[in-house]
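Chemist: Mind looking over this structure? Questions follow.
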């Protein structure tokens, strides 16, 4: 349990682990609230805005300017949030059972949406000849901003890792489930978005209930109710997913003593962290009651991106860390045999394959490659420390490069000499840090699943995530700083 928090904790230490965990809590809490708002919006659209109109008439408006607060207190979203956390509180088998049924039904409706949507498709909506803005109206920069705002959707994949402590065979099932679900979801996203934007112009899309509105616009009123029902099923799946992951992240931090101990209490009958569910379920319900969905979503994405950037850096650091510096032991189970290796370090070894190649020893991990050990600058670092420093510097240079590209896009279009020079300089510095990393020996003493193409893939992940973060608004950054400041107060005071 703990996912990105646990991974960061054992790789780069307690403080960074806390910051990631603190952001994960916010992600799941806002995720549950925003999805509940979407559920309420879909139900409202199904009944032609009768729910929102009656609520405004009975209670009144909270906001008219489209700011942080919602237009009206969303009692439906609050109720749905509470129900989802009650389902999770009953036990893992019940919540997973609900999720499985909803997912199957939702998949059927999604296929219906895609097939029926393409039947009503108008290719002219993707063409400037039809009087519209064309296929790629906001260019690459607009796409990056949109991807950054919608990045919160990827938190669902973290739910797989969060549940790994309750999985039967996590070292195999977690990677397989992640890859398979990501491939499936990506295909469905692309096809559904294509169907939507070919039915109605993207500027006319109803953000609260996109598909029911789209089918209504093209005259397929009969399909509207099927789609709206499927939308409710899909959103219910997402809501239970967030409600499932949130208390388990809190539990992991409480167990390590980084949050109040009572939050780690597990109910003996339901085997769920009951106090975590009550406290953070209530907070999610309050967020769903008061705040607008767009406010919640944008705030959530930056926390997700921040967490995944640190995890990407942690992957590189852990892969080049000597075994004796790892902050955890590798335990054997199933058909593996626990053996004592050099320096009294426990490593995994199986009958089929030795985890330590005969050509290498434990002393080589994290050190410079044999042919480079006479390089004077890099000689002074202890094993693993040179890679740590290179990763930190590479991250800083990536931030500088992304700032130049994102903030100075107009100057780069005009080929301003100083902007081009800065891009070249920071790119060369990133490449230099990358070469320093690959100049070291990797630690391959792990029998479990390992990310391929390290350090290339995590380095690209860092660069993309940082670029996406910097494309978000300054107000979103301010919210992140405030949330981290609150977290640091909790950390140092508690």
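Cβ atoms are placed via backbone N, Cα and C, with glycine included.
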Chemist: To which of the residue ranges 35-54, 55-74, 75-94 does TrEMBL assign the term transmembrane segment?
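Modeler: In TrEMBL, the transmembrane segment feature sits at 75-94.
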Chemist: Labelled transmembrane segment by TrEMBL, one stretch among 3-27, 178-202. Can you tell me which?
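Modeler: Here TrEMBL associates transmembrane segment with the stretch 178-202.
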Chemist: DSSP-wise, what's the residue breakdown of the domain 'Cationic amino acid transporter C-terminal' (449-494) into helix, strand and coil?
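Modeler: Here the numbers are 35 helix, 0 strand, 11 coil.
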Chemist: Examine the transmembrane segment (222-244) against the transmembrane segment (415-437) and state whether at least 3 Cβ pairs sit under 8 A, considering only residue pairs 6 or more apart.
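Modeler: By the criterion, they do not touch.
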Chemist: Would you kindly check 75-94, 178-202, 299-320, 415-437 and say which stretch has the most C-beta pairs under 8 angstroms to the transmembrane segment (101-123)?
Modeler: 178-202
